[in-house]
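Participant: Below you'll find the structure I mean.
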Amino acid sequence: MPSFFEWTATLGLVFGGCCSNALALELVTSRLPQAGKLITFVQFLVISIFGLIRHLTVSPRPLSEEKESVSGVFIDDLTPPTFLTKLGRLRLMPRSIPIRRWTVQVVLFLLTSLLNNIAFAYRVPMPVHIIFRSGGMVVNMVMGWFIGKRYTKLQITSIIFVTLGVILTTFSASFDDPHISSESVQTAYTEYLIGVGILTLALILSGAMGLAQDAMYSEYGRGHWQEALFYLHFLSMPMFVFMADDIKSQYVSMTANARLFALNFSTPNPDSTKPDFPFLLPMTATPAQLALLFYYIPLLTNVLTQLVCISGVHRLTSRVDSLTVALILVVRKAVSLGISVLWIRGDGGNAWLWWGAGLVVGGTIAYSVAKPYRPNEVVEGNGVDTKKNQ
């Protein structure tokens, strides 16, 4: 049973890391909705670097010096190794899972991450993004059904609630504005539907990845989350070469926007509107250098808090059962939703959003507490199989 200190630390990582991650992502995408590939690249790069540091080891001696001296002592052991010698001996730690087993998952994981971040360029609000991604269990159930898995009535009812919640949340987005033309509103709704389609495809790919992970973990065990985290990100890095031009243009655009942002705050106009994120800046005019720094803080925060969030979730799964994990993560998403709607956006949401969120949260909790399907359940005491003959 985890101690109070362990619980506090773990929940601090989950709620502090994951909620901060969602907050920072919303700040970044609201200013740079077209920077999905740049955001994904930076996330993967930083996690790969941290993972590489953890998975590198120094081999005992260079492969070229595997010879014994006349006295029976290894040549490499006669003198202390220099820094360059150690650098030449760096090797990846032995893997528990073969590289070939990561191939399909790496592609699916990269595509899912890209699609989730690209969706912001199509006017998908963060609240819809949060709720929509919670519908992954719907895809998992459908795919599981096709490969032979079966579910109880409570599980199926729960998934119906989640599906209805996702649908209601999708309808919660509104682009009606008396100050813009009907053609612009129509264009906004069209872009939004494209964004919803992108998120739907990401859910399907994520479900396929989940099935691939289940198959792999059933063979090699589930105690390799750090290895999975590293190789899923590290092996994806070469594929960013094909997106180099887009990433470069998004970086140039971000830099230009940052300089404009800094210029506006270094020469304030009394008639100008308030900044988008007043809680990040003092009420008075900010010097250009500080404003430029503040502009990049959300991106850096998003990357670093993603590491904290992932570590917290995996630490949680190693200490409590899957039911407790599911319930805690549902509460975490509800907190992120509240921060987005009540604090960042400040519009309070609408009935469609809150009804949809309620159905998703309720359906997820019901699915978590539902007992798994057992086709060969035996009545205790008489050994009678309750499964009817087909």
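The chain as shown is numbered from 1 upward.
Quick reminder: no glycine exception, Cβ is built from N, Cα and C everywhere.
What TrEMBL records for this protein is below:
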- 34-53: transmembrane segment (TRANSMEM)
- 102-122: transmembrane segment (TRANSMEM)
- 128-147: transmembrane segment (TRANSMEM)
- 154-172: transmembrane segment (TRANSMEM)
- 192-212: transmembrane segment (TRANSMEM)
- 224-244: transmembrane segment (TRANSMEM)
- 293-313: transmembrane segment (TRANSMEM)
- 325-346: transmembrane segment (TRANSMEM)
- 352-370: transmembrane segment (TRANSMEM)
Participant: Which of 192-212, 224-244, 325-346 shares the most C-beta pairs under 8 angstroms with the transmembrane segment (352-370)?
Facilitator: 325-346
Participant: Could you name the stretch, out of 102-122, 154-172, 192-212, 224-244, 325-346, with the greatest number of CB pairs under 8 A to the transmembrane segment (128-147)?
Facilitator: 192-212
Participant: For the transmembrane segment (34-53), name the stretch out of 154-172, 224-244, 293-313 with the most CB-CB pairs under 8 Å.
Facilitator: 224-244
Participant: Count the CB pairs under 8 A between the transmembrane segment (102-122) and each of 154-172, 192-212, 325-346, then give me the winner.
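Facilitator: Most contacts with the transmembrane segment (102-122): 192-212.
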